[in-house]
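The following features are taken from TrEMBL:
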TRANSMEM  77-98  transmembrane segment
TRANSMEM  104-120  transmembrane segment
TRANSMEM  127-145  transmembrane segment
TRANSMEM  171-191  transmembrane segment
TRANSMEM  198-218  transmembrane segment
TRANSMEM  254-271  transmembrane segment
TRANSMEM  283-302  transmembrane segment
TRANSMEM  339-358  transmembrane segment
TRANSMEM  370-387  transmembrane segment
TRANSMEM  407-427  transmembrane segment
TRANSMEM  464-496  transmembrane segment
DOMAIN    520-687  domain 'STAS'
Amino acid sequence: MIEAIGNQYVVARPVYSANAFGEEHKKKQRRHKTFLDHLKQCCSCSTQKAKRIALSSFPIASWLPAYRIKEWLLSDIVSGISTGMVAVLQGLAFALLVTVPPGYGLYAAFFPVIIYFFLGTSRHISVGPFPVLSMMVGAVVVRLTPTADTADPTVSNSSVGNDSALDDHKVMVAATVTILSGIIQMLLGVLKLGFVVIYLSESLISGFTTAAAVHVLVSQLKFMLQLTVPAHTDPFSLFKVLISVFSQIEKTNIADLVTSLVILFVVFVVKEINQRYKAKLPVPIPIELIMTVIATGVSYGFDFKNRFKVAVIGEMKSGFQAPITPDAQTLQDTIGDCFGIAVVGFAVAFSVASVYSLKYDYPIDGNQELIALGVSNICGGLFRGFAASTALSRSGVQESTGGKTQIAGLISAIIVLIVILAIGFLLEPLQKSVLAALALGNLKGMLMQFTEIRRLWRKDKYDCIIWIMTFIFAVVLGLGLGLAASVAFQLLTIVFRTQFPKCSMLANVGRSNIYKNRKDYSDIYEPEGVKIFRCPSPLYFANIGFFKRKLIDAVGFSPLRILRKRNKALKKIRKLQKKGLLQVTPKGFICTVDCVKDSDEELDNDKIEELDQPINTTDLPFQIDWNADLPVNIVVPKISLHSLILDFSAVSFLDVSSMRGLKTMISLRSLAGVNFLMMKSRTQYFS
């Protein structure tokens, strides 16, 4: 019965044990589905099920019929044009990270968008090149390119012979890696394994993308300075690149350096204006497009290529090339890398999609997102593109310029298509240093994630350590190996958290029915002889020993030690009683002679087992109160505790080792005369 009294409530109910509650309130008998039941359900066929599968496999069939043409079409067109222009420039810029000719970045900005239009569940993300994935693919390309140490992508495309063959090989490797990554994503989606992304926490993703931004920053220095830098993919590669850059800093092309610094400064300033005044601006200022047009015109008008020997994009092939067949050997050599690329690409895309789904209140399907990204990457790879996900800045443009659905994405793909088929040649005079500056201009958001460290340290130190270690691993070991080490370290922190849980003694706060950690409050009440011990973690083989030690520290005594002390004292009492040297009074025992007190060290090993037996006083003509006064020469610690309550409300599971350990503890405390009670425990563990 619950009775409301103002802002208080009074609850009156019987006191239950688990068994008593079970007898009075019977559980319903539920039939749990077997594997055969699930198999039958999976293999069954009906019109309704076929319709549901079709709608889930092709989400466009559910949202396109409900499209509001009059309300949304104009916004989607404006958003698509803005996003398309950004996608063109990012495709060209991020292709440098993959170490392939810039024109291939346009393929990565076109095919995935078309596929995602039909298969994706998010209405707002912009699929295409993403700097972190481009960097990861580029690392694989460099590793598998035989002459990567002698050839450099900063060399003008006017080179012939070996450079052309080298570019073809790089495109082949990048496409093969992209196809395999797409296959992995599609398989994970078909097998409903989208939950794998839970092993990449927000702290890990933030630290990893920040480290990737540092890698991108360092990798673009050679384009900004126009230096020939050998490629490195092994651990400490970032530092080797820096050493190589600074060792030949005197060879810097001043024209490229000045151009890139000017572009970078202007882009940062205007992006800050866009961010600060986004509520007043109808659309963000397309600074990347403006600077690209200006830089291309200046480079062409003043003939920068011949006058200042700057590196330019060079020939831009118009149209599409024939689909490519993935290289079998590359598939075998890059399985591990591709799995990391697949998981990171999905994790980033799904996290961004989740933000927009919550903001605009519509559902997204993680498994369908995996399938959509997988098919997008397979098609993009077949047509010589590289791995796609979603760039945060590009998705922000699509959403902030009024994009309502993936119609905006389709319009952006049309803009990219126009560049591929018709006007790509206009970008041939554009300096690669400009593309490098534009790539760095999109890193501000990721580099600003350094500010997360302070917030994480205040909120959760474990998450802060995960962020820092992930960043260090990815910077020092490289993105591929660093990601694997980061996931392993994160799992280790989970084990560490559960292995050393923050156990506490609870006390009644303010004479209410609310129990909190006794160390946190001063106005507490603890019933005499009763202690409540809380464990906030599952109990299993790795932490049961720690749990025992914390419990002993909390209650102030070891039951085994008390049992041995009492049995030892009992032997002395029997010996004195037989000799008539012990008198029993209402106040306790009186020993008529001085007796020598034995120490624990004097006990023989073969007598220890006798001291571990239950206390038996049936042969004595009197009862022993162990908390009363005993003869001076008989020392037994007094125990004021008569009941110990374990709060297991946060214990989600116990394994066999922990249950065996708890059983031993219960037995020892009962032998020491302490009642052992468990609160909110799962009855199946103690049946």
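Backbone N, Cα and C define each Cβ position, glycine as well.
Unlike curated records, TrEMBL annotations are generated automatically.
Keep in mind it's a predicted model, so treat the numbers as computed, not measured.
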| task | For the transmembrane segment (198-218) and the transmembrane segment (127-145), check the count of CB pairs under 8 Å (sequence separation 6 or more) and say whether it reaches 3 or more. | result | yes
| request: Look over the recorded stretches 104-120, 127-145, 370-387 and say which has the most C-beta pairs under 8 A to the transmembrane segment (339-358). | output: 127-145
| query | Cβ under 8 Å to the transmembrane segment (127-145), counting only same-chain residues 6 or more beyond its ends: which ones? | reply | 87, 90-91, 94-95, 97-100, 105, 108-109, 112-113, 116, 120, 151, 166, 169-170, 173-174, 177-178, 208-209, 212-213, 215-216, 219, 231-233, 330, 333-334, 337, 340-341, 344-345, 348-349, 373, 376, 386-391, 394, 409, 439, 442-443, 446, 478-480
| What stretch in 77-98, 254-271, 370-387 has the biggest tally of Cβ pairs under 8 Å against the transmembrane segment (407-427)? | 77-98
| Criterion met for the transmembrane segment (283-302) and the transmembrane segment (254-271) (at least three Cβ pairs under 8 Å) | yes
| To the transmembrane segment (171-191), which of 104-120, 254-271, 370-387 is linked by the most Cβ pairs under 8 Å? | 370-387
